[in-house]
Amino acid sequence: MRILKPYLRSTSIQCYLCLLLNSHFLTEAGIHVFILGCISASLPKTEANWQYVINDLKTIEHLIQSIHMDATLYTESDAHPNCKVTAMQCFLLELRVILHESKNATIYEIIENLTMLANSNLSSIENKTELGCKECEELEEKSIKEFLKSFVHIVQMFINTS
């Protein structure tokens, strides 16, 4: 099972600060490390994790077919691009229903990993309020198969805008 740690990017800044505090800043190499560290801290974070989210969703779909689960979930089928963060948060909440209904250890691990990946990607997006978006409970209830198909569509919206 792969577990990605998207929070490791911030540790490089801590390393640079440690170098600075240990008086390495006075050497030419220390100055180069400090300047490169400042530049790398300002670079945008790559969002390659969305493809892993899609892969995890496909794995969940295959596992659910094997255990014959037939729950209905609140599903955003035609999300407006301005509401994609709200839609993603609803999808992540509904994943908890799959987790509860399946009681499968493999599905549990995949959903935990998927949630971590999606939340790390969402954390890099500005926290802006999306007006006019539907609440999760206002969405239509659909089958798990339809839910996962719509979930992949929302993830692709994030991939296309990054």
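Here, residue 1 is simply the first one shown, and the rest follow in order.
Here the Cβ of each residue, glycine as well, is placed from N, Cα and C on the backbone.
The disulfide bond annotation in Swiss-Prot covers Cys83-Cys133, Cys90-Cys136. The N-linked glycosylation site annotation in Swiss-Prot covers Asn104, Asn113, Asn121, Asn127. According to Swiss-Prot, the signal peptide annotation covers 1-29.
Locations of recorded Swiss-Prot features on the structure.
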| residue | record | Cβ contacts under 8 Å, 6 or more apart |
| --- | --- | --- |
| Cys83 | disulfide bond | Glu76, Glu130, Gly132, Cys133, Lys134 |
| Cys90 | disulfide bond | Tyr74, Glu76, Cys136, Leu139 |
| Asn104 | N-linked glycosylation site | Leu63, Ile67 |
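With all protein chains in the displayed structure included, the most crowded Cβ environment within 10 Å among the glycosylation sites Asn113, Asn121 is that of Asn121. In this structure, Asn104 (N-linked glycosylation site) belongs to neither helix nor strand by DSSP; it is coil. Neighbour density for Cys136 (disulfide bond): within 10 A of its CB lie 18 other CB atoms from the protein chains shown. Rounded to a whole value, the Cα-Cα separation of Asn121 (N-linked glycosylation site) and Asn113 (N-linked glycosylation site) is 12 Å. In three-state terms derived from DSSP, Cys133 (disulfide bond) belongs to neither a helical nor a strand segment and is classed as coil. Every protein chain shown contributes to the tally, and the Cβ of Cys133 (disulfide bond) ends up with 19 other Cβ atoms within 10 Å.
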